Amino acid sequence: MSTKEILFLLMFTTKEHTASLFTGHLSLSLSLSLSQLLHHESCIQLLKDMPNWGLMINDQTHGVKMPRNPWSDGPEYVTQCPIPAGTNFTQEINFSTEEGTLWWHAHSDWSRATVHGAIIIYPARGTTYPYPKPYGEQTIVLASWYKADVMEVYEEAVASGTTFRLPVKKGETYLLRIINAILNEEMFFGIAQHNLTVVGTDGFYTKPINTNYIMITPGQTMDVLVTANQSASYYYMAASPFSDSEAAFDNATTTAILQYIGNQSAPSPIPLPTLPGTNDTTAASNFTTKFRSLASSDHPISVPKNITKHILMTVSVNLIFCPNDSCSGTPDGDRLGASLSNQMYTGQGTKVIELEYGEVVELVYQGTNIGNAQNHPMHLHGFSFYLVGTGLGNFNNQTDPDNYNLIDPPEVNTIQLPKKGWAAIRFVADNPGVWFLHCHFERHTTWGMAVAIIVKNGGTTSTSMRPRPAYMPPCPNS
């Protein structure tokens, strides 16, 4: 396949912004939209320019597999150190089989709250969508505004700015590219009196899902068709949180307006969509279990069958005892920590899973919270994978595999691990390098719900990591 190389300049800055009587500094990126020129066969270079405002930062192209090139993957202190203020760094992004909507975001502490954007990969030239070409398209990013410096604390999120309006022409179909960039909440989304058709997720096409709402986890993207087939008027789009936990969460609903083109005035009130309740686990599960790959001749899949490496990974959040009042100031003197595979990571570091090149992997996530359990959006860098099964309760390795979907499972990069349940994924370890695996709830990653996977080099140049770039950001002294 031929490739072309495109150079973008991505500049980071800060801007003072006032909303809800609070003035704070936002970390921002200023760039040419990555969606403007990307097609299936593209390779791009990002020249990142960091001004002298004191913050070191990295970013990741979420869901891009980056074949043999972990050097530009982005998570700080895993594949590279953060880019120092006052310097620049050239990051090469390599696209392979991705097509549809992905995104990029900062991967340094919690800076992705405001440093993020869409990546849109169009079909290769000479090909088209596996559905009728939409009349128009709109990218919708669900994100947060924090009433404090997001790099230090997080507070209740509030809406800022004017209400976004999407103008539509009656009778036409539009493609919504929806991204959940929120730090710590899964979200329901819908449009009043309009049906939605999901046709893709995480950069891969799916069999159409007809629904009146979606549930999207942090890190996920979805391609959704909506037809303007109602009376010409104004209709609210809305997103509200889904939380199946007793932990506190932001219960705010965010809205925008779908506005039919014409001279009609807005009704009073503008109709709102009916979304599931914030703790409606059944509604969330009914939606997430509908995903299937196209698995067609034009969009084939290759589900791994002969597994050579089985991994059972337990996922949990627990209290860590703090001796001698070392955590004074917390309600009970203890502190929270998260774990994968029952390993508590209390320092700045991650444990490592080593895989031989070419191993065929089945990884089963098992939720093991005893107390305040909840879902976990689990994301693996460097790979897409097939979600072959999910279930509630403990995974049974004798009976549960009998119910795996090995015919048309969805190919994704982020999955929802059910509360107190399990999820099984399969992939081939054919991308050498160091790859981060973590929960996409930012607070859980902060507590240690993360691990690094090392895929060893194969026996040839084409199955080994690319050489280290001439310049990599230096690590700070402390």
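Residue positions begin at 1 at the first shown residue.
Each residue, glycine too, has its Cβ placed from N, Cα and C.
TrEMBL: automatically predicted annotations, no manual curation.
Residue counts for the domain 'Plastocyanin-like' (61-124) under DSSP, helix first, then strand, then coil, are 6 helix, 26 strand, 32 coil. Residues annotated as domain 'Plastocyanin-like' in TrEMBL: 61-124 (among others).
Under the heading domain 'Plastocyanin-like', TrEMBL lists 162-262 (among others). Mean pLDDT for the domain 'Plastocyanin-like' (162-262) in this predicted model: 92.
According to TrEMBL, the domain 'Plastocyanin-like' annotation covers 342-457 (among others).
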Mind tallying the domain 'Plastocyanin-like' (342-457) by DSSP state, helix then strand then coil?
10 helix, 54 strand, 52 coil
How do the residues of the domain 'Plastocyanin-like' (162-262) split into helix, strand and coil according to DSSP?
0 helix, 58 strand, 43 coil
